[in-house]
Structure formats: C-alpha cells, structure tokens
Amino acid sequence: MKIKQVILRHLKLDLLEPFTTSFGTEYDRDFILVEAISDDGISGWAESVAMLDPLYNEETLKTNWHILEDYLIPIILKNEIKHPDEISEKYFTHIRGNYMAKAALEGAVWDLYAKKQGASLSNVLGGTKKKIEVGVSIGIKDSIDSTLDIIEARLGEGYKRFKLKIKPGWDVELIDKVRKVYPEIPLMADANSAYTLKDIDRLSALDDFNLMMIEQPLAYNDIIDHADLQSRLKTPICLDESIHSLEDARKAIKLGSCKIINIKIGRVGGLTESKKIHDLCLEHGIPLWCGGMLESGIGRAHNIAITSLPNFTLPGDTAASSLYWAEDITDPEVTVENGMISVPELPGIGYEPSMEKIKKYTIHSQTYHLSENVARNA
Ligand SMILES: O=C(O)CCC(=O)C1=CC=C[C@@H](O)[C@@H]1C(=O)O
Ligand SMILES: [Mg+2]
C-alpha cells in the first residue's frame with residue numbers, strides 16, 4: 001500500500017455540556033483529524049485524542065502536530081506499507097513515546113487497509129461481535145441532583161453502565177446518594193489519579209458500594225501503589241492512564257495492580273498494540289472496555305471497531321454523538337439504540353466523513369506529499 005498524501009486538519013467542536021474531571025473542565029474539543037490517501041485515491045481516516053493541554057497525559061495537539069509533521073508522516077510517505085502492523089512493529093519503533101500521535105496516523109492507515117481489503121475495520125482487527133454494549137461517562141456536576149437527573153435520562157435510553165468522575169470531596173457522598181436511588185445499576189467511578197495511598201480511608205469507604213470498578217485512583221504513571229491498594233480493596237481497580245503499552249499491561253497484571261484495563265487506542269499507540277493488549281488480557285482473565293476521549297465520530301468509529309473484539313466484555317465510553325456534539329462530522333452520526341451500537345459492516349470504519357462539516361469545523365490544515373526534504377527526514 002503506497003500512501004501518496006497525508007492531510008492534517010485541526011478541528012474544533014463545541015461540547016454541548018462542559019465535561020469536568022478531577023483535573024479540569026473541557027468546554028470544547030480541539031483535535032487533529034488525519035486523512036491518509038493511497039496512490040489509487042482511497043482515503044483512510046483517524047483522529048488524535050491528544051488534548052490542547054497536557055493534563056490527561058504529556059501529549060498535546062501541538063506536540064502531536066510536530067511529531068506527525070517532522071517524523072511520522074515522512075516515514076509513512078517514504079515506505080510501502082504491506083500491513084498496518086508494520087507501522088508500530090517496524091517503522092515507528094525508533095520514535096520514543098508520543099503514542100497518541102502514532103495512533104492517529106496508524107489508525108488512518110488501518111482504515112485505508114481495511115477499505116482496500118473490502119472489509120470492515122472490525123473484521124480486519126479480528127472482531128467477533130455484531131453489536132456492542134455501551135455505557136456513559138458523567139463528569140463532575142454542580143450538584144448530586146444534577147448527576148441523578150443525568151443517570152435517570154441515560155437509564156431511559158438503555159445505557160448499560162454509568163461511570164461517575166470523582167475526586168476527594170466529590171466521591172463517597174455522591175456514590176452513597178446514587179446507590180440509595182439506584183441500588184442495582186452497573187456503576188463505576190473514575191478518579192483520574194486524584195488520590196494517593198494516604199486517602200486509603202476514603203477509598204476503602206468506596207469499597208462498600210458494589211462498584212464495578214474504581215478507575216485510575218492513584219498516580220497516572222503508577223502500578224506499584226495500585227498493586228498495594230488492590231490488595232486492600234475488594235472492588236476491582238481499572239487502570240487507564242498507567243497503561244501505555246503491552247509491556248505496561250504485562251507488568252501491571254504480574255504485580256496485581258488491576259483487575260480490569262480500560263483500553264484507549266491513542267493512549268497505547270494504536271490498534272496493533274491495542275490488539276496485543278487485548279490478547280494478553282484474554283490470556284490472563286483481565287476483562288477490557290474501551291475508554292473515551294471525547295472523540296468525534298471518526299474516533300468513535302475506531303472505538304466501536306476495537307470494542308468488537310471478544311475480550312471487550314464490559315461496556316465502554318462510546319456513547320452517542322448527540323450526547324457530545326450539536327452535530328458530528330460523520331454521516332451517519334454514532335447512535336445508540338437501547339445501550340447498543342451495531343458494528344458497521346461497510347469497508348473501513350463504516351462511518352463516512354462529512355466533508356461539508358469537516359470544512360465547517362476546520363481551523364487549519366496542511367497537506368504532506370513525499371518531497372525531497374521529507375524523504376531526507378524519514
Ligand atoms: O469520551 C467520553 O465520554 C469519556 C471521557 C472521559 O472520561 C475522559 C476523557 C478525557 C480524559 C479523561 O478526562 C477522561 C477519562 O479518564 O476517560
Ligand atoms: Mg479514565
């Protein structure tokens with residue numbers, strides 16, 4: 001597969017509702033949309049999930065643009081790609097970190113590869129499900145009543161699990177009140193690293209609410225203290241920010257740092273690495289689900305495809321586009337029927353980019369061809 005052109009577009013979408021976590025509030029979403037075009041004119045699409053500011057991890061939209069422009073795109077333009085696996089296994093191995101930048105370009109090539117095979121992205125990844133169960137992620141709100149209202153609305157729409165963002169002071173009372181109203185619903189909490197082992201009493205108090213899991217309670221780069229904490233809690237710990245690779249997952253499983261892993265394609269460097277983590281976790285009885293990064297329909301399409309693999313046994317964050325955006329940039333938008341999404345069977349990601357909407361929300365774009373100086377960089 002020869003890629004003749006890559007187009008990077010900086011898009012900005014306004015969130016319908018501010019999204020607050022323990023580390024900040026997002027009011028809109030700036031992201032890089034990647035289009036990889038083959039020499040026979042087929043386009044593959046993906047998006048970078050890096051945020052404007054280095055709050056979730058160390059990557060940002062600007063660092064991603066630099067790494068894509070100066071390192072990753074020249075490599076892809078210069079080489080004949082026989083299979084997308086080669087990208088993370090051969091072509092990007094000498095570039096350290098920058099997982100979200102790598103995943104954004106690798107994902108576009110995976111979409112292109114699937115289209116050229118005439119197969120869905122789910123199919124070429126080894127997906128087995130025709131429908132996936134999805135949950136919803138609810139940010140920190142101004143009152144517990146607001147949270148209860150959102151849960152009631154999403155329950156009515158059939159969502160299969162409820163993730164509440166927590167932080168010290170917005171945790172035990174919140175979960176207690178939600179459990180009093182909804183004693184049985186599948187409920188989990190995501191702390192985004194807001195606690196330390198000094199908060200053991202507060203975290204132990206969460207242990208009595210029959211939560212599905214507590215996600216990333218401790219430091220974003222820790223697996224040691226998480227192992228200590230997991231040994232003291234009956235509630236499964238789920239790791240998100242701490243897992244950047246197959247190696248991280250192997251070590252976390254070996255140490256007993258978690259009993260569940262949230263896979264985010266961007267955080268682990270792409271679909272090939274996601275598949276490898278999936279297979280390792282299947283082997284060790286560690287269930288997976290697919291986390292969200294406030295993606296547009298393009299990123300959601302990739303999340304749907306990876307979630308169709310068999311060990312994604314827990315509902316993820318891939319809720320309907322209409323919960324996030326006044327309008328999404330794909331046709332159709334991602335819709336959820338009774339908490340389920342049908343896995344597209346069309347070639348590639350199965351959601352058509354809307355060029356009219358992409359143009360409407362594009363702030364800046366740059367097209368990259370193989371030129372003399374690009375070849376030198378690769
Ligand atoms: O996309 C969704 O609905 C989930 C959003 C979400 O929970 C997150 C988005 C971005 C970074 C984090 O704050 C957080 C997460 O930890 O998953
Ligand atoms: Mg998380």
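Numbers run from 1 along the shown chain.
Each Cβ is built from the backbone N, Cα and C atoms, and glycine gets one as well.
Keep in mind that what you see is a predicted model, and the values were worked out from it rather than measured.
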- Message: According to TrEMBL, Asp190, Glu215 bind Mg(2+); which one of Asp149, Asp171, Asp240, Asp248 is annotated to that same site?
- Response: Asp240
- Within the domain 'Mandelate racemase/muconate lactonizing enzyme C-terminal' (144-236), residues counted as helix, strand or coil by DSSP: 42 helix, 12 strand, 39 coil
- Message: Using CB atoms and a 10 A radius, I'd like the single residue among the binding-site residues Asp190, Glu215 with the highest neighbour count.
- Response: Glu215
- Note on the structure: Expressed in Å to no decimal places, the gap between the Cα atoms of Lys165 (active site, proton donor) and Asp190 (Mg(2+) binding site) is 5
- Mean of the pLDDT scores, which run from 0 to 100, over the domain 'Mandelate racemase/muconate lactonizing enzyme C-terminal' (144-236): 98
- Could you state the CA-to-CA distance between Asp240 (Mg(2+) binding site) and Lys264 (active site, proton acceptor) to the nearest Å? 8
- Task: Would you identify the secondary structure of Lys264 (active site, proton acceptor) according to DSSP, in three states?
- Result: coil
